[in-house]
Ligand code: HAM
């Protein structure tokens, strides 16, 4: 066990980690364009927050939370998702009093004690956003568009958008009754899980993956068929804005999200080819959640994208990962060269260069071999002779060309190049 990671977790090494960095960088960039700012909340919260926020009859709360008592006997839970925590922070800091809407994004690990498989982990990572304080349909459409812009930015152009409206508590009341009546008559054909869900959370039967349940659900009443006039109007408007931005989507009346807080718009991003865990992101509106968590009656909407699944979808296209390489490898030959080179390397690094060197006093041949193995762009050679003459050899490792430079010329050359890079 000592050298084994816990089930459902991953270690991340280079070069894979470069892909993660790139994805997170692009996510931040898209958030900046849409005016979202970062929020960082704790990785653990009081258990009650998720019980209330996510919903007591959800799989997450019933089966999947990492919950423990701390040393003072408080019940603590590792966050299974980000939304409830963001809202807790928003309410606690009374940010709702500021002129809104508030727009936050977050990146980080989430924890669910689920059965691990491809694309399903116990510690996974989400890129998420929440916008609090507006019920405008244009906001729904913009949030969806933003996720799609991010996917486009990272080269995922074929993500399918599935869209639904799950209505408000008003429409849900009559739907619930109708669903219970409908499924009660066909109870024998439901899977055990759905039998248990029937009276507690009948909506979830609609998206059960069991074949028999799916068959029965096909003719069941759906949230979409039971929308009240206000929710219907909202949904029409959301679609109008999506159409204006030429966003393609599939209306999926059976789309029921796994968290209880959703009202009105609900959506998922799907890449069917990556297997059973094909939902690479999802979100929706949650107009009752801020009040449920002790804040004012303000609406909200957001999404979270699974990083692991996003990467699975990307790798389906190409396994190639962009790997950064050192700008320069400084070969140091002898003690005097090391003493001379040590501060010089630091000066070069201040110019924003990635500079590698040899720490072990290897031969020139071995140092050049190391430089090539790292795919360094150039090598600088500092030996006894170079120190005497004050001229150093700079070899371009891609073309093999080399030039002789003084220390000053070397610094100037890189400063000039960097100046251009930064322009
Ligand atoms: P969610 O659908 O539970 O929504 O999770 C969002 C995404 O996280 C999923 O689409 C999936 O890509 C990823 N994900 C979930 N569970 C796992 C897992 N066990 N392993 C790997 N990836 C996983 C939420 O969490 C909501 N908080 C989203 C939201 C934000 N709604 C409104 N605002």
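Here the Cβ of each residue, glycine as well, is placed from N, Cα and C on the backbone.
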Of 112, 152, 239, residue recorded by TrEMBL at the L-histidine site of 81, 82, 83, 126, 130, 257, 261, 262:
112
Reduced to three states, what secondary structure does DSSP give residue 126 (L-histidine binding site)?
strand
For the domain 'Aminoacyl-transfer RNA synthetases class-II family profile' (8-324), report the average pLDDT of the model, please.
95
